[in-house]
Amino acid sequence: MTINPVSRKVAWLRVVTLAIAAFIFNTTEFVPVGLLSDIAESFHMQTAQVGIMLTIYAWVVAVMSLPFMLLTSQMERRKLLICLFVLFIASHVLSFLAWNFTVLVISRIGIAFAHAIFWSITASLAIRLAPAGKRAQALSLIATGTALAMVLGLPIGRVVGQYFGWRTTFFAIGMGALITLLCLIKLLPKLPSEHSGSLKSLPLLFRRPALMSLYVLTVVVVTAHYTAYSYIEPFVQNVAGLSANFATVLLLILGGAGIIGSLVFGKLGNRHASSLVSIAIALLVICLLLLLPAANSEAHLAILSIFWGIAIMVIGLGMQVKVLALAPDATDVAMALFSGIFNIGIGAGALVGNQVSLHWSMSAIGYIGAIPACAALVWAVLIFRKWPVTLEEQPH
């Protein structure tokens, strides 16, 4: 099934709107990282206790990505996007109104349901909507939306939370989603489901050792990153003893470096994805090991955050490119699995960071995160030597 030919301008406008949607979805996933202290104060809880919200959100996405993708596999994609945006917006209104922590968690579960479906279909939709021969650029644009969520979304969300309250941050995200929904309704054609795969494609994917090895690498390296990243805001304030404003600046630097990582991968990723990902994981190991030693200086933390941000963006993009290359016949199923596995890593990392902070010391989150990062580095070198693969640009 093909989409009726449209002008390149309209095609790019559709992809840009999807990228904006990616920005909004990733902003709401990441923004609690910058608001943990404020939410904890609001509900008279410890920061580490509130942090369990990150794990719940991520694991709901992980568990529901594949079931929701299969349940909606035959649903027309434009209608599906509209439905999940309505759920997303309503859940943000509930976040804004949340009268206790339990209600806030329930609202986040609603958002996670929408997230689970959105990220399982977005990459394949971007490829379908892009101008002919521009699939890699379309994916890069979606990745840019993801990066901007860390560069702009998370820090702006934190600033709004600081000055107007964390509830206003969630309300603003909901309103941004409403505007994006109206644009999607206006711009998108009917998009019959295609290449979505089904349960029948699962055994086929599971019989691909390169893909399974990549999924293992994903969960380990993401766990490593989020062990430290989930608690970077309270770490900066409580361990490093630096200001709340500097915590905001650090999040901005970390996200901004992600844009650099995206540009680097855009230039070299098609030909050197394996090498780039391996180097980025090695860089992540170094950054995690140096997190506590760097905490004695704003400058040291800022420099470390630049390399950390570049590393994690290259890792994320590299994984996505490789998954798409290894499962071109079942992109939605493969990406649903990838999204689920990625979020298992987010939830596991946030939980490890939570337990270290509660029962040991928040100062150790970098060292603890470096342990799975080292394991990921060894695994990456082994599997990329055995199964080197790249995503070739193909006209469609």
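The backbone N, Cα and C atoms fix where each Cβ goes, glycine too.
These features come from Swiss-Prot:
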TRANSMEM  15-35  transmembrane segment
TRANSMEM  50-70  transmembrane segment
TRANSMEM  81-101  transmembrane segment
TRANSMEM  103-123  transmembrane segment
TRANSMEM  136-156  transmembrane segment
TRANSMEM  169-189  transmembrane segment
TRANSMEM  209-229  transmembrane segment
TRANSMEM  246-266  transmembrane segment
TRANSMEM  275-295  transmembrane segment
TRANSMEM  301-321  transmembrane segment
TRANSMEM  333-353  transmembrane segment
TRANSMEM  364-384  transmembrane segment
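When the stretches 81-101, 103-123, 136-156, 169-189, 364-384 are ranked by Cβ pairs under 8 Å to the transmembrane segment (275-295), first place goes to 364-384.
Here the transmembrane segment (103-123) has Cβ contacts under 8 Å with residues 18, 21-22, 25, 28-29, 32, 39, 43, 53, 56-58, 60-61, 64-66, 68-69, 72, 77, 80-81, 84-85, 87-88, 90-92, 94-95, 97, 139, 142, 170, 196, 320, 324, 331-332, 335-336, 339-340 of the same chain, all six or more residues outside its ends. Of the Cβ pairs linking the transmembrane segment (246-266) with the transmembrane segment (136-156) and spaced 6 or more residues apart, 3 or more are under 8 Å, so the two regions touch.
Counted over residue pairs separated by six or more positions, the transmembrane segment (364-384) shares fewer than 3 Cβ pairs under 8 angstroms with the transmembrane segment (136-156), which leaves the two as not touching. Between the transmembrane segment (169-189) and the transmembrane segment (81-101), the number of CB pairs under 8 angstroms, six or more residues apart, is three or more, so the stretches are in contact. Of the candidate ranges 15-35, 81-101, 136-156, 301-321, 301-321 has the most C-beta pairs within less than 8 angstroms of the transmembrane segment (209-229). When Cβ-Cβ distances below 8 Å are used as the criterion, the transmembrane segment (136-156) is approached by residues 15-16, 18-27, 29-31, 33-34, 122-123, 126-127, 129-130, 248-249, 251-252, 254-256, 258-259, 261-262, 265-266, 270, 309, 313, 316-317, 320-321, 324, 391, 393 of the same chain, each at least six residues removed from its ends. With a threshold of 8 Å between CB atoms, the same-chain residues lying at least 6 positions outside the transmembrane segment (81-101) that come near it are 21, 25, 28, 39, 43, 45, 50, 53, 107-108, 110-111, 113-115, 117-118, 121, 167-168, 170-171, 173-174, 177-178, 180-181, 184-185, 188.
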